[in-house]
Amino acid sequence: MILTIDEVLTAEELAEMKDVLATADFVDGKTTAGWHAKLVKNNTQLAGKAACSMDLKERVKSALLRHPLFKVAIQPRSIHTLLFSRYQEGMSYGDHVDNAFMGGARSDVSFTLFLNAPEDYTGGELCVELADGVHTYKLAAGSAIAYPSSTIHRVETVTSGTRLVAVGWVQSLVRDVQQRELLFDLDTARRSLFATHGKTPEFDLISKSHANLLRQWAE
């Protein structure tokens, strides 16, 4: 399941982050890539020892966790290994799959949070390979895309301007993507039913199934 999430960050939060990152120290992105991904990774990222790093990471985590769609669809146990990546002209990240574990946590869901407008750069699309083909994304500033960490994906070459994003990984309470999607569908259905008809016996049955499946699958 690929999920686009609008307005994760407010305009004020975006402006503050971009101001901080504009003067921050960026280093070669290969330093955090796996041994095979280093061959195709060409970007820069906020230095891990940068004074602003911890604060910015906490801001992103808080913004995601307050968003109801993120919580319902992803079922996050923890958000980990956050990076702030910058792609300037000529930079890209070729086909790769994310590591199964990062920082001692399992990577179930990957996300990209866009920090500047798509008009600020050309190229730089995020491409995710699924069974039905390649899906391409270039979202508005403040919006995020979440997708299974098990997929092959890439960032196309930036041909002009600068692409600025926050990327990170989530260990979910429910590791299986199909189970997460089923839980999300049930939750969406019961909320729609409740909005239309209130707390009915049918609503209670769907809620029972949702709760019991989550109880069975959650880790």
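Residue numbers in this text run from 1 along the chain shown.
Glycine is no exception: its Cβ is also placed from the backbone N, Cα and C atoms.
Residues His96, Asp98 are recorded by Swiss-Prot as Fe cation binders, and the candidate that the same record lists for that site, out of His153, His197, His210, is His153. The number of other Cβ atoms within 10 Å of the Cβ belonging to Arg163 (2-oxoglutarate binding site), over all protein chains shown, comes to 27. Here the domain 'Fe2OG dioxygenase' (78-172) has a mean pLDDT of 98 out of 100. Residues His96, Asp98, His153 make up the record's Fe cation site, and a Cβ search at 8 Å around their centroid adds Ala37, Tyr93, Asp95, Val97, Ser110, Ser149, Thr151, Ile152, Arg154 from the same chain.
Calculated from their C-alpha atoms, the gap between His153 (Fe cation binding site) and Arg163 (2-oxoglutarate binding site) amounts to 17 Å. Sequence-distant contacts of His96 (Fe cation binding site), defined as residues of its own chain at least six apart whose C-beta falls under 8 angstroms from its C-beta, comprise Ala33, Gly34, His36, Ala37, Val40, Lys41, Ile152, His153, Arg154. On its own chain, Asp98 (Fe cation binding site) has Ser107, Ser110, Ser149, Trp169 as residues at least 6 apart in sequence with a Cβ closer than 8 Å to its own Cβ.
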